[in-house]
Amino acid sequence: QHTLNNNFNKQDLMGRTLRLYVPKIEPPYVNYVNFSDAERLARGYGPGVVIEILKEIKNKLNLTYEIIESTDEKWGSLENGNWTGAFGVMYRKEADILVGAAIMQYDRGLITDLTFPFQYAPTAMLIRSPEKFNDNTWLIVTQPFKWEVWGLTAFSIAVSGLILYIFVRFLRCADEVQYTMVESVWIFFSVTVQQGLPVQPRSWSCRVMLALWWLASITLMATFTGSLVALFAVDKTSLPFYNFQQLVRLVQGGGWRIIMDGTSMTRTNMIKESESQTYKDLWYEMSVNRKVTYVKGVDAGVTLLLAESNYCLLGPEDSLKFQAAIDCRLKKLDEGILPTYLSIPFAKDSDFSTYASNTIRDLVERGFIQKWIDDYTSYMATKKGNTRCSPTNTAADKYLDLSKSQGAFWVLIGGFVLGVTFFIIESIYKGIRRLWKWHRSGGNKMEKKSKSFELEDDDEDLKKTSKK
């Protein structure tokens, strides 16, 4: 960025002609190059952030603009001591203003006056929208809660059962109901699923504990119900990755490739020069394993993205956000990488650089920059409609079909199977206990009978002996 000099004379800037070099059309920064209000009315949307800024300067200073269109649509860079592309034009003093959203870099600031940044623009990740989540087997049962909630609930039931078991053992002298360990745990499970208790505890300590557990179970049940309703109200999608680190791992695994705009190598160089290990890993895959495809502009990248699977387009956030807004087949991830600032390059030591920076700062502070971006994105999204991705909802869509409700029936079937299994186990267990009791009681009777016979024989021997 150039050094601001607020000692300029505004009158010296009035009524002059400036040469504008336009590298390429890049919505929402440069939508079209026309400064008339009639063109805005005819198209229905504005010319883009950069044109709006230059239009503001033009009207205040009564300037005349001479448009110079690009032939190669490249921003250019310093190669072997020579500047190429649009910045080469600025370096050779063939234009006064570069009409575009240029990433602010030190070497660019040496040959141009970079204005006050009009937008913070991290690099975003754009992928093709994944298919909707189709595995609904246990959707109605397990999805309302995360596994952490289910695990903590099960742990709480077990711990609470242990505490209740200890309480009733210490309160035996107070005529407290004596629950076994299994019965204690089963009591809290019954409360959790809103079942009653056959025998209530008598002590205040145990009753308070159960009352609070009832309150907690009611809250959990209400939360479960609300989460289940929200689950069916919102379409669930499963993304292949959620952050930049996961993307790099997929690229290393060989299943994914990167798409980047070949007309500007700034972001590529940022990846190359980064000291972060994640960026180093990505650069190795891009430079050595050639897992990157360079295209001519964001539109070409989107076309490739829609045609091929397992591709990720890296580009300016506002541009990719716009693409995702107008085509629901695309999905922009929330995470941003490679933070950058966007500026408008003026000729080095230009008389207009400071005035332009002050104008941009004023527009940024008043919120016009973001408003122009949002207005254009909203208008184009409405105009294109996304009808190909938005099927008409019918009344049948509001019903809960078997695909989404099958989990409840699987639980019911599981309950039948477990019930029959425990019935067989209990029957066998009780049969064995009866057999064991019968065996023990029968053995005692035989033993007693044998002893009585022995006593009778002894009596007869004594009688015979006494007669003799």
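Glycine too: its Cβ is placed from the backbone N, Cα and C atoms.
Taken through DSSP, the domain 'Ionotropic glutamate receptor L-glutamate and glycine-binding' (28-92) splits into 27 helix, 11 strand, 27 coil. What TrEMBL lists as domain 'Ionotropic glutamate receptor L-glutamate and glycine-binding' is 28-92.
The L-glutamate binding site annotation in TrEMBL covers R108, S264. Non-local neighbourhood of S264 (L-glutamate binding site): K74, W75, I103, each in the same chain, at least six residues away, with C-beta under 8 Å from its C-beta.
Long-range Cβ contacts of the transmembrane segment (149-171) within its own chain (Cβ-Cβ under 8 Å, at least 6 residues beyond either end) map to 142, 177-181, 184-189, 192, 201, 203, 205-206, 209-210, 213, 220. Among the features that TrEMBL reports, transmembrane segment is placed at 149-171 (among others).
If you look up TrEMBL, you'll see 210-234 (among others) marked as transmembrane segment.
In this view, K272 (site 'Interaction with the cone snail toxin Con-ikot-ikot') is surrounded by 14 other Cβ atoms within 10 Å of its Cβ, with every protein chain counted. Marked as site 'Interaction with the cone snail toxin Con-ikot-ikot' by TrEMBL: K272.
The disulfide bond annotation in TrEMBL covers C328-C389.
The feature transmembrane segment is assigned by TrEMBL to 408-429 (among others).
Look at TrEMBL and you will find 445-454 tagged as compositional bias 'Basic and acidic residues'.
Taking the Cα atom of each, K272 (site 'Interaction with the cone snail toxin Con-ikot-ikot') and R108 (L-glutamate binding site) are about 18 angstrom apart. Cβ environment of R108 (L-glutamate binding site): F87, A102, L114, P345 lie under 8 Å away, each six or more residues apart in the same chain. Taking the Cβ of C328 (disulfide bond) as centre and 10 Å as the limit, one finds 15 other Cβ atoms among all the protein chains shown. Within the model, the domain 'Ionotropic glutamate receptor L-glutamate and glycine-binding' (28-92) carries an average pLDDT of 91.
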